[in-house]
Amino acid sequence: MIIYATEVETINSFVRLESLNEVYGLVWIFVPIFSLVLGIITGVLVIVWLERQISAGIQQRIGPEYAGPLGILQALADGTKLLFKEDLRPSRGNTPLFSIGPSIAVISILLSYSVIPFSNHLVLADLNIGIFLWIAISSIAPIGLLMSGYGSNNKYSFLGGLRAAAQSISYEIPLTLCVLSISLLSNSLSTVDIVEAQSKYGFWGWNLWRQPIGFIIFLISSLAECERLPFDLPEAEEELIAGYQTEYSGIKFGLFYVASYLNLLISALFVTILYLGGWNISIPYISILEVFKRNPVFGTTIGIFITLAKTYLVLVISIATRWTLPRLRMDQLLNLGWKFLLPISLGNLLLTTSFQLLSL
């Protein structure tokens, strides 16, 4: 069999083309992921700076001002300091559980960002069960906290881990029932479909007006899931020193703070998507879809800006709540979840189902 030079060149060019396609495929996989992670890190740094400035304003003090202009680099300086601190481990603790606990908490929350639509179809994974994927993944984080508390071999850490697990279970159910009500109104579990269902009717089509009870329950439950005041029982300083974080130092201690702010940001994003219309601007006579059709790049940028503006508005409310309400006792926390929020959210789901059946 004789192979001519032209055939050899054709085969070589085909092999090179296949190799280039594989390289481009890998690039298109990693570039969106890298961009999302970079955006998340920036968002967390902004939240830390915003919380410190709002807290300083409420307490009538100055706040951070030396690290960068207006103290904007203070969070970066604190993270660098924790990075170089010694990583201490309890001598009689369970080292594998102690080491892997913070990583599980952070990774489980990071995976939830894959179903967040920041603009019109600007989402890493547009899944048909996107909203349920978030609920399933977010329920893994308390397991990491419980592992950290148990692996520390410290009574305060163990009690903090148990409190975190009990609190998560108590408020996960009302939150899930509120999400079910939203999915019934939108006839979908996709986060993109939920936003588009709200855009059909403009400002008054937001689920905030169609589900006001669900919005309040979802907001309270998300604050409890984030362990923010008045729901910070797992790390109550007066009772448990620092809860499940007591024995941690260095970068592992910093990972818990990162997980806390990541959880706060993801909760605010889901409030925006489920109840505040997502990327829709909802101004009369101005349709964001028309902007997308005329200039997709400009429309996508505007959509991201609108989503983040609504998200940070929700974050300001969460931060202000921290310095407004006192901490609940553990029995009050569980009673609120099981005796009030759960029955009300179940009744809200039944009412939503009834209205949807009557409208058929």
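Using N, Cα and C of the backbone, Cβ positions are placed for all residues, glycine too.
As recorded in Swiss-Prot, the features of this protein are as follows:
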- 27-47: transmembrane segment (TRANSMEM)
- 98-118: transmembrane segment (TRANSMEM)
- 129-149: transmembrane segment (TRANSMEM)
- 165-185: transmembrane segment (TRANSMEM)
- 203-223: transmembrane segment (TRANSMEM)
- 253-273: transmembrane segment (TRANSMEM)
- 297-317: transmembrane segment (TRANSMEM)
- 340-360: transmembrane segment (TRANSMEM)
Top partner of the transmembrane segment (297-317) among 27-47, 203-223, 253-273, 340-360 - counted as Cβ pairs under 8 Å: 253-273
Interface check, the transmembrane segment (27-47) with the transmembrane segment (203-223), three or more C-beta pairs under 8 A: no
